[in-house]
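Peer 1: Here it is, the structure in full.
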Ligand SMILES: CC(C)[C@H](C(=O)O)[C@@H](O)C(=O)O
Ligand code: SF4
């Protein structure tokens, strides 16, 4: 029988399925962080339930951790309480937990794959929308709510209904200087933030196949911003080579058996999708968002759009509102927009390859005088170590960029790293909603190379012209 990757992942995890499609799905890996787990543990305790399968869980503190000296602990009482609560819950339930001083600590979506805790063929859930990231490994991976976190802890299953399937096929060669982030921003620009609603998206095509695992994770990470709960990519040699030798990956004879199975995890030739979207990689340029939704995006050589030219009244309203919030005038060339801060980090773009790309741009140059702060926040302690072994920290520091400890940081400003009201930021993160990086802050989403380039010139610039 001819199947999509999604069919295969779904069917191999059904515990029970009712006539109306309601399905009890087995969950292989459950990742936890401090924001969405406290009530789940409270519920578990109140009902006197135990963990169904302790070893399926991996917990880490990431959203609220400081990115400067951690010896002083966490100053903000709310953040401190959240992290201490995860410390205590992990201890009392005997969970595997990377606390904030553990070298392996980092953003939950960076450390899962890094540890080999995310493996092809798994169902992976976490109380976090960007769990779609893990789909890059040929997994069925998506975010869940806090009551579902409790359900998974107690039963290792989830109640779910199958989504429709969408193939986003990106063929051709990406131009130099254009990255996975530009692909996914271009996809969202094309289908919109509601385009994937009700679908599980598989990304395919030669441009996706050519991406590293880091790049594939960037693409799947933002499937949720296209409205889909899950994004996924079929398994190939790139996947298998990445997983090999990681701490939680199978070894010895188990490895060979696993690889045999993993190699079946791709969509069969001729399988049908409910919807197919095609993109030509050769036409994609460096992307910059200009508004307060990831779909409000254009090319670096474009201009801020003019709402007066928009015929749809709802869209026109949203554009007008966004331009007021962003303090931008219609028709302004994107390259004329000056920035105050740079943020290189987040589960979208804080892996080693992202840091290498940014460092290659800033090497031997210096932060522009109008850029008050340029933060580089590695996705994990191990990414940070690797970057330091390669001398990337020195390149950033010499260029006037700050080199920080791992965590979510200024992606959502739950810790001390934030934009002040009115500040404008070139950010490698995934959301540009009002106030996302601090109240009144203005976020422009870009790739790491583009964020680095903006940090050097003080305004958005085509990174391809800078080299
Ligand atoms: C805090 C968490 C629930 C949230 C999410 O689910 O995405 C966060 O990670 C985000 O990126 O906004
Ligand atoms: S880095 Fe940002 S998007 Fe990712 S989990 Fe943290 S807050 Fe959410």
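Placement of Cβ uses the backbone N, Cα and C atoms for every residue, glycine included.
Small disclaimer: the values here were computed from a predicted structure and weren't measured.
Grabbed the feature section from TrEMBL, which reads as follows:
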BINDING   347, 408, 411  [4Fe-4S] cluster binding site
Peer 1: List the other residues in this chain whose Cβ sits within 8 Å of the Cβ centroid of the [4Fe-4S] cluster site residues 347, 408, 411, in sequence order.
Peer 2: 62, 63, 107, 109, 130, 345, 346, 348, 350, 407, 409, 412, 429, 430
Peer 1: CB neighbours of residue 408 ([4Fe-4S] cluster binding site) within 10 A?
Peer 2: 30
Peer 1: Identify, in sequence order, the residues in the chain of residue 411 ([4Fe-4S] cluster binding site) that are 6 or more apart from it along the sequence and have a CB within less than 8 Å of its CB; answer 'none' if there are none.
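Peer 2: Residues satisfying the criterion: 343, 345, 346, 347, 427, 429, 430, 431, 436, 437.
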Peer 1: What count of other C-beta atoms do you get within 10 angstroms of the C-beta of residue 347 ([4Fe-4S] cluster binding site), across all chains shown?
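Peer 2: Total other Cβ atoms inside 10 Å, all chains included: 28.
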Peer 1: According to DSSP, does residue 411 ([4Fe-4S] cluster binding site) fall in a helix, a strand, or coil?
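Peer 2: Once the DSSP labels are grouped into three classes, residue 411 ([4Fe-4S] cluster binding site) ends up as helix.
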